[in-house]
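Undergrad: Before anything else, here's the structure in question.
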Amino acid sequence: MSPLGPAGAHPTPAEPLSRSIFRKFLLMLCSLLTSLYVFYCLAERCQTLSGPVVGLSGGSEEAGAPARGVLAGGPRELAVWPAAAQRKPWEEETPGQAVGPGGSGAGSSVAEAPPGTLALLLDEGSKQLPQAIIIGVKKGGTRALLEFLRVHPDVRAVGAEPHFFDRSYDKGLAWYRNFSKDFPTVLFANKNKNKNKNKNKNKNKNKNKNKNKNKNKNKNKNKNKNKNKNKNKNKNKNEQECQCFTFK
Ligand SMILES: Nc1ncnc2c1ncn2[C@@H]1O[C@H](COP(=O)(O)OS(=O)(=O)O)[C@@H](OP(=O)(O)O)[C@H]1O
């Protein structure tokens, strides 16, 4: 029997082939549209998400309302901090620098960038001053505290010691900010220098003790010396070391 024409009941062999191609095309089109929609939704979601440094732009929040400073995945205690706490006392001391609402000075793109942008994720906020400073006496465990804090992915710390507060304070905040451009986070002050001082003082103390035991002369002089040393001891105890860090 000869095959029927295109209007007949039996399709020609070419028809199933074109149908399967058409179905495949439809399937590909549907999957393409679906993936496009998913990408679109993800992009929109990323735009609406708060960046990790969003809190820096918290100057526009109403008084009393928590800033939008949210540490991604951070503990609740660290997750939100008041907007007032982000205003740094020294901001008004630098009139030449255009200080952003979050305390980042000139050159800091964090304050200029809207929240959720890539600028926040690309470490462009590294020029800012530290957001937090750990202050503690010598051997008070400040290093341990710092090390624990820097484990958090949103905390950055510097290992170097710029000695800003004790040696370079006169150079001003511009110098301090430039240093933190490369090492945004942990800034130490006074540590090693005072360690050596204390060691030397302890040596001298031991020498004097031995002298006092062997010699009964000049008791009054030694007493006065010891008094002065005790004063120095107390001074050293009161000296505080300072470690600064900031949030990404
Ligand atoms: N959680 C806790 N409990 C008890 N002791 C602790 C703790 N964390 C740190 N440490 C001890 O603190 C000493 C170091 O303190 P600092 O980092 O401030 O020392 S330093 O001034 O910076 O050198 C250091 O003491 P020494 O080992 O005697 O030097 C640490 O052992």
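Every residue, even glycine, has its Cβ placed from backbone N, Cα and C.
Reproduced below are the annotations present in TrEMBL:
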REGION    85-111  region 'Disordered'
DOMAIN    130-202  domain 'Sulfotransferase'
ACT_SITE  K139  active site, for sulfotransferase activity
REGION    189-248  region 'Disordered'
COMPBIAS  192-235  compositional bias 'Basic residues'
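Any idea what these are sitting next to in the structure?
TA: For the domain 'Sulfotransferase' (130-202), the mean pLDDT of the prediction comes to 71.
All protein chains included, K139 (active site, for sulfotransferase activity) registers 11 other Cβ atoms within 10 Å of its own Cβ.
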Undergrad: According to DSSP, which of helix, strand or coil covers K139 (active site, for sulfotransferase activity)?
TA: coil
